[in-house]
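According to Swiss-Prot, the features are:
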type	residues	note
DOMAIN	22-215	domain 'Glutamine amidotransferase type-1'
ACT_SITE	C99	active site, nucleophile
ACT_SITE	H189	active site
ACT_SITE	E191	active site
DOMAIN	216-408	domain 'GMPS ATP-PPase'
BINDING	S243, G244, G245, V246, D247, S248, S249	ATP binding site
Amino acid sequence: MTLTQQDASTVEKLDETLHEDRILILDFGSQVTQLIARRVRESGVYCEIWPFTATEEKIRAFNPRGIILSGSPASVHDENAPPIPNVVFALNRPVLGICYGQQAMCQMLGGKVESHEHREFGRAYIDIAEDCSLFRGVWARGKREQVWMSHGDRVTQLPPGFRAVAHSEGAPFAIIADEGRRLYGVQFHPEVVHTPHGAALIRNFTHNVAGCSGTWTMAGFRELEIARIRKQVGSGRVICGLSGGVDSSVAAKLIHDAIGDQLTCIFVDPGIMRTGEADEVVKTFRGRFNIRLVHRDASELFLKELAGVTDPETKRKTIGRLFIEVFEEEAAKLGGAQFLAQGTLYPDVIESVSFSGGPSVTIKSHHNVGGLPDRMNMELVEPLRELFKDEVRMLGRELGIPESIVGRHPFPGPGLAIRIPGDVTKEKLDLLRKVDAIYLEEIRRAGLYDAIWQAFAVLLPVRTVGVMGDGRTYDQACALRAVTSTDGMTAEVYPFDFAFLNRVAGRIVNEVRGINRVTYDITSKPPGTIEWE
C-alpha cells in the first residue's frame, strides 16, 4: 500500500472536520485539570491542555473557540503566582476561569482577591441570584445548588463589566459573568463529580457560549486515525507489543484495520497474568481478528529473575527490563520493521506543571516501553496519543473488540507480581489466581463489575491459625480490594454488603487449599494507593 495524494487529502479533510471546534485549557497546576478536558471531550468537543507558559504565537495558531483557565495550588498573592497570558483576553474568545482561574482573571482585569479566614473545602451550596448564559437550562434563579469548593482566597471586588450571578456562604462571587465579553468565572470545581451538574455547565460553555457543534466522536477519530496511519506507514512494516490490556489491544486493532498484514504483534507472556488472560489474547487477536501474532511464553524466565526479589520497585524494574529484552529478541527475529506501535495516551504527553522547581516525587514506577524506540532505531506509531482512557474504551467498542477486553478493570503492567507482597513463586501465583477468579466471578454474578473501577485479591505474606473440620490449619491470608473512581487519581472503597463478602470469603476458604483467612481492605486513596505495591 503506497501513499497517494488522495490519502493525504483525506487526512487533511478528516482532521479539519474532527478538530474544527476546539477548546484550549490552560493548566496552572491543578491536580484535576485532566478532568476538565474529559468533561469537554464528553460534550463532543476536542480540547488540549497546555501549560500557562504557552506562547502567544502558539495560542493564536491553535485558534480555540474558547479558553478554560484551570485551578492551581498557588495563590494569586504568591511571589511566583502563575500569570494568565495576555493573549487570552486579546483574542476576544469566551473564557471560563475555574477557582484560581477565576481569581487570576479578576485580579488581572482590575478586581481584588483576598485571603479569608472562612475557607471552603468540600461540599458547599450556592444560591443562584441571576440568570446567566453559562448555566442557562441547568440552574435557575432562586435555586440552591450543590457544588465542590476548594479555596482559601476569594474575589472581594469585581472587575469593571462583571456582575455576580451566584454566591455561597464563603464566596460572595461564586459565579461571575461579563456577558458582553463572554468572560465567566466560577469559584467551585464543575469538573469533579461532586458538583452534580458540573458537566452540564461545561457543556453549556462549549456549546452555547463558545458555539462549538460537537464534532468530536470516536467514529470520526477511527476514520481519521486509519488515514493517518496509512499516510505515516505507507508500505512499511509495523511491530506492536501486545499485552492484552485495553491500550495495546485497541492500538493493535486500529493499526490492523489500517494496514492489515503489514502489522505483526508480539505478545510476551510473563506468567504473571490472571486466569485465562494469555489464552484470551491469542484467541482474540490471532483467531478472531486474524492479526499476525508472535506468542512468546517467557514465564520461566520471569519467575527465575524474580526469585528472592521482595522490594516492590525492584520487582517493577525487573519486570520492565525483561519485557524489553524479550520483546527485542522477538523483534530481531522478525527483522525489517521500520515502525514501532505504542499505546501512548493523552495523559502521557501532557506537559506537567510544577511550581516547586523540582521533580515530583515518584510514588511508583510506571511500567512502559519508553526506552524501546531509541534502542531499536524505529519510528513510533502512536494512534491513541490524543485520547483519554475512557475514550480508548469507546474506540475499542467502535472497533468491535470484545467487552471482556475493553471493559476490563485496570491491570498493572507488573501483573500479579505486585499483588504478592514479598517474593514471587509459581505456587503463590497459582494460589492468588484461584482466589482472584472466585472474587471476580462473584462480582460479575452480582452484577457489580461495571459499578467498580478496580477489584482484585492480594496474597498476604502472613500465615494465620484456623480450624477446618476437626483439625488445626496454619495457612495464608488474603485481602480483597474493590474501589470506585473516575480516573484512578482518588478512589473510595466499594461498599459491599456483608452477605456478599461473607459468601465470597466462604467460597475462598472452602475452595482454595492453602487459604484460611479473608480480609477486606477499606482504605481510600489517599491515604492509601489502589494497589498494595
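Numbers run from 1 along the shown chain.
Cβ coordinates are placed from backbone N, Cα and C, and glycine is handled just like the others.
The ATP site, placed at the center of the C-beta atoms of S243, G244, G245, V246, D247, S248, S249, has further neighbours from the same chain whose C-beta lies within 8 angstroms: L242, V250, A251, G343, I405.
By a simple count of nearby Cβ atoms, those within 10 Å, the most crowded of the binding-site residues G244, G245 is G244.
Of all the active-site residues in the record (C99, H189, E191), the one with the smallest CA separation from G245 (ATP binding site) is E191.
Taking Cα separation as the measure, E191 (active site) is nearest to C99 of the recorded positions C99, S243, V246, S248, S249. The Cβ of H189 (active site) lies under 8 Å from the Cβ of V32, G71, I98, C99, V147, W148, M149, S150, T195, G198, each on the same chain and at least six residues away in sequence.
Same-chain residues at least 6 positions away in sequence with a Cβ under 8 Å from that of S243 (ATP binding site) are, in sequence order, S249, F267, V268, G413.
Neighbour counts were taken at the CB atom with a 10 A radius for the binding-site residues S248, S249; the maximum falls on S249. The Cβ neighbour count for V246 (ATP binding site), using a 10 Å radius over every protein chain in view, is 24.
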